[in-house]
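Data block below; observations after.
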Amino acid sequence: MAQESPKNSAAEIPVTSNGQLEDSHEHSFNRDLKHSLPVGLGLAETKITSHGFDSTKEGVVEAGPFPGSSASPKSSVISPSSAAASRLAGQGCDLIIPTGGRAQQKSGPVVLADEVKNPAMEKLELVRKWSLNTYKCTRQIISEKLGRGSRTVDLELEAQIDILRDNKKKYENVLKLAQTLSTQLFQMVHTQRQLGDAFADLSLKSLELHEEFGYNAETQKLLAKNGETLLGAINFFIASVNTLVNKTIEDTLLTVKQYESARIEYDAYRTDLEELNLGPRDANTLPKIEQSQQLFQVHKEKYDKMRNDVSIKLKFLEENKVKVLHNQLVLFHNAIAAYFAGNQKQLEQTLKQFHIKLKTPGADAPSWLEEQ
């Protein structure tokens, strides 16, 4: 090749008998080394030393000024000059030179961030708490059914809840019977209307019985009209009772279920705390007792809150129930009495009193434009 490597040049340096470099060859070696050094390292910044043949540091390049340097030899390191460092910085090379002089290259910038919570660990913790709570509550329910565990009972509140559940069943039975009556009355009104139309048609076609068919036609049409009025009152009664039973009472019973769940949790953690208090008290059990005491207090506050909510809802429900049923029972009685007494004016007045508007037949049917 046209240019020899530094290693080959260093291998051919002749030495004197005392191990010093020969002056005639020193400059020629420096000339060869200049071409083989990396860009940025001038010959003025380097020094070539050579030791005896038995030395392991033959041909070592040392940093420092070349001519007549009296400094002691340093470790075998090539240190870049300021010009070389500026060129490296301009090229964007990520190079760190520590105080020891050894060049080290980073793999990339290091970002220090706060520890991020693992969503999987959070979900696992929630599942663990839910499983523990479910186990305690299940154990409490089984022990109560077997007669081994104790349960907290509010006698006054439990009595009100039992009455509410019994009344709900009775109201549902009344609602079912009223719906049956409405269905049967609708069929009867429909039959009376058809019968009146048949009598009216025969009145026109039978001249010898014109008056008789005419009287019956008017009677059946009048009964059908009064039946529609009564049917409107009964349907209004059904809608009001249905709202009371399936919405208002059901909402209160939902709160009752939440109260019962809170009561079971409260008793479960109360039993757990009592068992821990009966056991030994040492360094291992005291933290468990303290944690159990905190959980017991949390569920006690939840139980007290739900008990207060149930008491308030039962009070408002009773007031609303009395008001609604009073109006609906008066309506039902007056409408039935007026219908079977044949008092059409009183029947219509009853509907006006409760602001009931009758629907004309076919009013709910969509028009032909809406069907398109």
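Numbering starts at 1 and runs along the chain as it is shown here.
Glycine residues also receive a Cβ, built from the backbone N, Cα and C atoms like all the rest.
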Which listed span TrEMBL calls coiled coil, if the choices are 70-97, 154-181, 182-209, 210-237: 154-181
Stretch carrying coiled coil according to TrEMBL (options 33-64, 289-320): 289-320
Long-range Cβ neighbours of the coiled coil (154-181) (under 8 Å; 6 or more residues past either end): 234, 237-238, 241-242, 244-245, 249, 252-253, 256, 307, 310-311, 314, 317
